[in-house]
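Novice: Pasting a structure here, questions to come.
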Amino acid sequence: MSDNRKITVNALTRVEGEGALHVRVSGDQIESVKLTIYEPPRFFESFLRGRAIEEVPDITARICGICPVAYQMTSVHAIENALDVEISSGVRALRRLLYCAEWIESHVLHIVMLNAPDFFDCHSGIELAEKFPDRVNDGLRIKKIGNRVLEVLGGRAIHPVNVRVGGFYRLPSRDELTELLSDLRWALDAAIDLARWVATFDFPELNIHCELVALQNDDEYPMNEGAIASTIHSPISVEEYEQHFGEQHAPHSTALQSKRRDSAAPYFLGPLARLELNQEQLFPAARKLAEEICPPIPLRNRFHSIIARSIEVVHALEEAIGIIEAYQPPPEPFRPYQHRESEGCAATEAPRGMIYHHYRINDDGTVASSKIVPPTSQNQLQIESDLRDYLPRLLDQPDDIVAAECEKLIRNYDPCISCSTHFLTLEMERT
Amino acid sequence: MNKKRLGVFKFASCDGCQLSLLSCEDELIELAGMIEIVHFLEASSRVDPGPFDVALIEGSITTEKDAQRIREIRHQSKTLVTIGACATAGGIQALRNWADHEEFIASVYAHPEYIETLSTSTPIADHVAVDFELRGCPIDRHQLLEVLAALIADRSPRTPRHSVCIECKRRGTVCLVVTQGLPCLGPVTQAGCGAICPAYDRPCYGCFGPAAQANCPALSTHHLAGATTETQMVHALRNMNAAANVFQIESDRLESGST
Ligand code: SF4
Ligand code: SF4
């Protein structure tokens, strides 16, 4: 094997959106690891300027077809924060229901179709289905039920139409929701089985200490709100996010990457971080399951992400069932509000990690400026750093195996490259 | 029968349209048995070279390299189908076509000099011949299945060209224009979604693009006579299908004040 190696994955597969990986090795030294995002930028922040705040959730949804609810939720919460709109408790519960449905749909897609194939040397979920038809079929059925909830409450699963500032356009009737219960109950049992199966996979050991960041909430497993908690630093409020975290646009980087302003170390978001920081808030079945299958805290092995995701699916199903069982339509679908000059922000938990939005609003109710920080731009530095730690043990393998193993590691973060509102295209500059 | 070779390709987009294929939970496995998935990065790490019997194209053209890439895909594909508003009309990112591109970039990036994109977002049909266009942001999965079934059977796909209004009537939804005077784009928007928005008490915002024979000026005149302002009407037309021909002509006309 030559001393200087360049290992390239030209097109990452089974991730959402498109990117590449470039690794340069000299002898046994890892010289550089670059995750290249070649999604062309789509300039959302720019064209939101001047649009009415009422249009924002429909526009930001289009940032990502995999987690449109995360974008819609974060937008409306941030705008409501700016305008001091207090949503009703009933609307709040329905928003959690919508978010649960997206977690179910997105997580199960990732578990069964994108991630699990890696543990069985399959190229796709479809190939996996040849080996484990029942598992894959159950997974697809659970996913479909998540989509069904999105369709009933949101109008459709991808880019739902029912979310608006202040609440929803139309409230579902009790019957519309309770009809979903029997399917959801089946899905809960199936998801517990699925999680138990996932826990039996053969996981590579990759224990890397780093800062985990997730929302934290005294009353519930975090989705729509909470303080920004960390395994290293004390919690901060969402309002303080930009004081502590910033985006950099480095010449050799292909994306705006987030990091703590006062530290060079990256941080890590997503299901493992959420679970580590919020395990006590899991609903009973999920909690029991976590005690049974979740590796002990601290959760440091990146390959265990799929276990965390499976536990979160169970939690989301339990919570969805609870919300629907208790549902009484609130008195009004949305709270009225007044336009005024203001600014506000919000952070929520997208399936793949925390997402932050900030808006300044003009007195006529149009957007003056916006800032959108998707989860993947926050995880990107951590992914590169983890690859650097993982690579040395792979180096005695041929290039194609190294490349395939790196790709497997990357899938653990469920990177959602489409949601790179402002990731940019750039050839790597080599020195 | 030889299985049809399928390629799914992504350009500037949100992934939502190709996700619609993975959202055909009931049909996916069966479908995979009837076609050969040759290139579908989001779903499979087995990536083989063309040619393709069917290429599904998601996303719009926003870089010089992508303009080149779509030409190569066209060369290798017997039938090329665009899926969604991005591929068919340029998508929401076509809003840049109205903006100062340099300023757009500078407002997001600290180092604008590292960015290389075209100042426009254009539909696939501006670059290569397209055999069939599937509308929607996102596409409707039943329509997608109809297209795939047709292509497998070597027949032309059938999707309606009439307006969302017809679907509202079918669904039994009370008209929002007549009863509440809301600025609905249903009368000029192509059917396919099943008239979702009006059923959720909100006006259609045109995500399936213009219907055949859409009369946009007449609709603007109607809405502007009510409580809708010109800016609201322009914005309604400038969403995911802003650069679709008749929507673009109408929003430009309204903006230039020639009403
Ligand atoms: S048309 Fe809409 S749903 Fe489809 S890729 Fe484009 S933005 Fe996403
Ligand atoms: S009603 Fe209009 S905006 Fe709503 S989903 Fe249908 S075509 Fe799209």
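Heads up, the Cβ atoms here are built off N, Cα and C, so glycines get one too.
Automatic, uncurated: that is what TrEMBL annotation is.
In case it's useful when we look at the structure, here is the feature table from TrEMBL:
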BINDING   A:Glu45, A:Ile372, A:His422  Mg(2+) binding site
BINDING   A:Cys64, A:Cys67, A:Cys416  Ni(2+) binding site
BINDING   A:Cys67, A:Cys419  Fe cation binding site
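Neighbours and distances for these, please.
Specialist: Other C-beta atoms found within 10 angstroms of the C-beta of A:Ile372 (Mg(2+) binding site) number 23, with every protein chain shown included.
When Cβ atoms from all protein chains are considered, those within 10 Å of A:Cys416 (Ni(2+) binding site) total 28, not counting its own.
Taken residue by residue with DSSP, A:Cys67 (Ni(2+) binding site) is part of neither helix nor strand, so it is coil.
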Novice: Near chain B, which of the binding-site residues A:Glu45, A:Cys64, A:Cys67, A:Ile372 can you find when the cut-off is a Cβ distance under 8 Å?
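Specialist: Answer, by Cβ distance to chain B: A:Glu45, A:Cys64.
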Novice: When the Cα of A:Glu45 (Mg(2+) binding site) is compared with the Cα of each of the binding-site residues A:Cys64, A:Cys67, A:Cys416, which one is closest?
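Specialist: That would be A:Cys64, nearest by Cα distance.
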Novice: Counting across all protein chains shown, how many other Cβ atoms sit within 10 Å of the Cβ of A:Cys64 (Ni(2+) binding site)?
Specialist: 32
Novice: Please report how many Å separate the Cα atom of A:Ile372 (Mg(2+) binding site) from that of A:Cys64 (Ni(2+) binding site), as a whole number.
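Specialist: If we compare the Cα positions of A:Ile372 (Mg(2+) binding site) and A:Cys64 (Ni(2+) binding site), the gap is 12 Å.
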